[in-house]
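**Q** According to Swiss-Prot, the protein carries these features:
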{"type": "BINDING", "residues": "D39, E40, D130", "note": "divalent metal cation binding site"}
{"type": "DOMAIN", "residues": "33-216", "note": "domain 'RNase H type-2'"}
Amino acid sequence: MSRRKQPDSPLFPFQPPVPDFAFERAAQRDGLWPVAGADEAGRGPLAGPVVAAAVILNPDAIPTGLNDSKLLTAEQRETLFEEILATATVSIASSSSARIDTTDILKASLDAMRRAVHGLEVAARIVLVDGRDVPPGLSCHAKAIVKGDSRSVSIAAASIVAKVTRDRMMARADATFPLYGFAHHAGYATVKHRTAIESHGPCSLHRMSFRPFRQL
């Protein structure tokens, strides 16, 4: 009995989900409006702050192409960043590497998100948060959404704002600490970054509580 040869690739290749406004509309039906999205950038790097953003989109002026910032090119993120700032209510907060070292990265991230939400000029009735954890101490309702930056346009917008803001901060830090190449890797554990740390030791932006530095 002959067997049909299987195709080399699926007939219907996987397409990542595209964020929409469904969570926001559901909250509105429950009487919770305005709705903010919140996300952070920079949990994983060896250096620099973790940056959080909270965004309340204008439902009549949602920028086209919003998605998880990790799925976008730097050019796409920069363009959407400017569109978000021009059309939405935005607040940004950060926790420094020193703050991360005195607490931990999760607490520092959630605290930055809490401050970003509370910094909004328009008070949100509910905040949609990327991930499994809700920042403690919020003055509004909150809903954690796993992979929320690919499911909610509000969270996607927040992820873009946080990512672009942090990348710009690390590019500026490169001028102060030129030995580490922060403008190229934003503090992530690339080979170039690890080599620079081995050659020059850590600087004040490095997270000394992270594993590579614990033995120093």
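Cβ coordinates come from backbone N, Cα and C, glycine included.
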**Q** List the residues in the vicinity of the divalent metal cation site, defined as same-chain residues other than D39, E40, D130 with C-beta within 8 angstroms of the site's C-beta centre.
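**A** Output for this site, in sequence order: A38, A41, A52, A53, S109, M113, V129, G131, G148, D149, I155, A158, S159, A162.
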**Q** How would DSSP class E40 (divalent metal cation binding site) in three states?
**A** strand
**Q** Sort out the sequence-distant neighbours of D130 (divalent metal cation binding site) for me: same chain, 6+ apart, CB within less than 8 Å of its CB, listed by position.
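**A** The list for D130 (divalent metal cation binding site) reads G37, A38, D39, E40, A144, I145, K147, G148, D149, I155, A158, S159, given in order along the sequence.
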